[in-house]
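Take a look at the structure set out below.
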């Protein structure tokens, strides 16, 4: 990855609560995490997003204290916790497999952490049931974990990690063990509980929908590095590389060279399209340089008539069409051979006589909907 | 209909499959035990066999003669009671020592990397490749007054006169623990190696120091392995004959030796049989425990598998 695409270390932020400072983790000759900088604000739900092996889980394990960084520091609420043992950290984790103690009841699982702390007995009981109430599991306190469904186990695991009132909560792939149908509902429920408790939370996930649904900010990781960091909207609308554009949602990428470079717009000539592309933001790349333009499928309009505009359109043939319920997904083969994906909303499909298979169509998009990517 | 039929055939096959082990157990365990039980209710006499028959048919009269003399003597003569107590005590001490020695060993092996683990398991099993008799003889050579241990200690100047270990209870304990330690380590290892390390991480995460995490998570979860190992040590130790005979003194009281004496020295078959039957009764309690423990473990594993 190009250095310029790496998001700057951290904004000088008064609300900064967790700070990961140039952390590196090397196993043997494998670099799992390479110089990661990260800043997480108080009461924020922050997602580390990436495919497996990108280093996100290693980073989470270093935050929990199960691994020590090869170099770099980790600060929590201004305190250096880099070398602190996991049992001394005000950090609790909800494990991917939940890691509930199978020989203990739900109540014993949740009270485990408080007993270690030496909290008085009646207070333990009170706090355990407070936590179980929060996740609506108070009626199951005498059950053993294997008598619970996956969703119920997850709730108990959440109660167990919240009952100690940690300064930082870590969620490791929180939804991966749940059925797809209940995932989205659970995601929203989890965010509601975390907001109610007001805990700062860092989660790890490979599922971009999950990150977008739950996180207030997210960082996209690949090959042990953070490639982009921002709110879900920022990262979706202004990806800083082809990798991020393709990882967060799907996108169309056109390759071209910059022919006009003005502060408020650029023109990009591409062999793949009939017309040049007009993008209404300036770029720092020099004239004549090869760049990529990302246009999301839902930004592409499909029509039978040739657009009147000077820029941002081309011609193609419908090569595939799939009805997705809320929208129709078109695949269009352009004259250049490039296949472009377009998502046409249901309403538009209903209003107009939608083009069918093998019909010649024109695609068009606005200058605001395109993003220039250098790498 | 067809499904019903195949289901039926399967269940018949399943029933057939358990016939051989049951037949085996009946033929080689139940029948011999009933024979021993029968002999235990007979009286001593000269001849072949050297005991009275249980039932006789004479003059159209079936007479059943149940002699309780052996059992009565068993409880009247303090030697027998003392032998039972001493055997159980020695078996218990051996089991506890095996647990204290074997737990750390099994734990260490289970936590080692796979290659070292196999080497260490091999080392645990290796003694079985030579006969027990030979290995106990080796202990005689080590523990004797002029044996390896005493010679070494005296040569080092640590002691002036040889330690009297050979032919004492201590020697028997050493022999028993040595011989039965693998039986404790192996089932416990099998339990510990399956342990999910994430549970330990969860315990640390919740504030447990390593020892507390061990005490409240690893140890309770390994109890089925500890129980299985303990029973595998306790049950054969109670009736052990070779080790107390070869390493023990004249005053080392153990049931195995007692049976041998009654059977071969006194030719008192009914007494030997009675000693055996009471020993079986003593052993049935831990055996039932083992059975219960295994059934429970199997049950919970099956339920885990389901979810």
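Cβ atoms here come from the backbone N, Cα and C positions, even for glycine.
TrEMBL: automatically predicted annotations, no manual curation.
Annotation source TrEMBL lists domain 'ABC transmembrane type-1' at B:84-290.
The transmembrane segment annotation in TrEMBL covers B:21-41 (among others).
Under the heading transmembrane segment, TrEMBL lists B:81-109 (among others).
TrEMBL lists B:121-140 (among others) with the feature transmembrane segment. Tertiary proximity for the transmembrane segment (B:121-140) is limited to same-chain residues at least six positions away from its ends with a CB under 8 Å from its CB atoms, namely 105, 109, 147, 166, 171, 174-175, 178-179, 182, 185-186, 189, 242-243, 246-247.
Residues or ranges marked as transmembrane segment in TrEMBL: B:170-192 (among others).
Tertiary neighbourhood of the transmembrane segment (B:213-235): same-chain residues 91-92, 94-95, 98-99, 102-103, 106-107, 180-181, 183-192, 195, 199-200, 203-204, 283, 286-287, 289-290, 293-294, 296-297, selected by CB-CB distance under 8 Å and a gap of 6+ residues from either end. Residues or ranges marked as transmembrane segment by TrEMBL: B:213-235 (among others).
Distant neighbours of the transmembrane segment (B:269-290): 33, 36-37, 39-44, 49-51, 67, 69-71, 73-74, 80, 84, 87-88, 227-228, 231, 234-235, 238-239, 255, 258-259, 262-263; these residues of the same chain sit at least 6 beyond its ends, with a Cβ under 8 Å from one of its Cβ atoms. The transmembrane segment annotation in TrEMBL covers B:269-290 (among others).
Remote same-chain residues near the transmembrane segment (B:81-109) are listed as 74-75, 117, 120-121, 124, 169, 172-173, 176-177, 180-181, 183-186, 188-189, 192-193, 218, 225-226, 229-230, 233-234, 237-240, 244, 252-256, 258, 278-279, 282 (criterion: CB distance under 8 Å, separation of at least six residues from the stretch ends).
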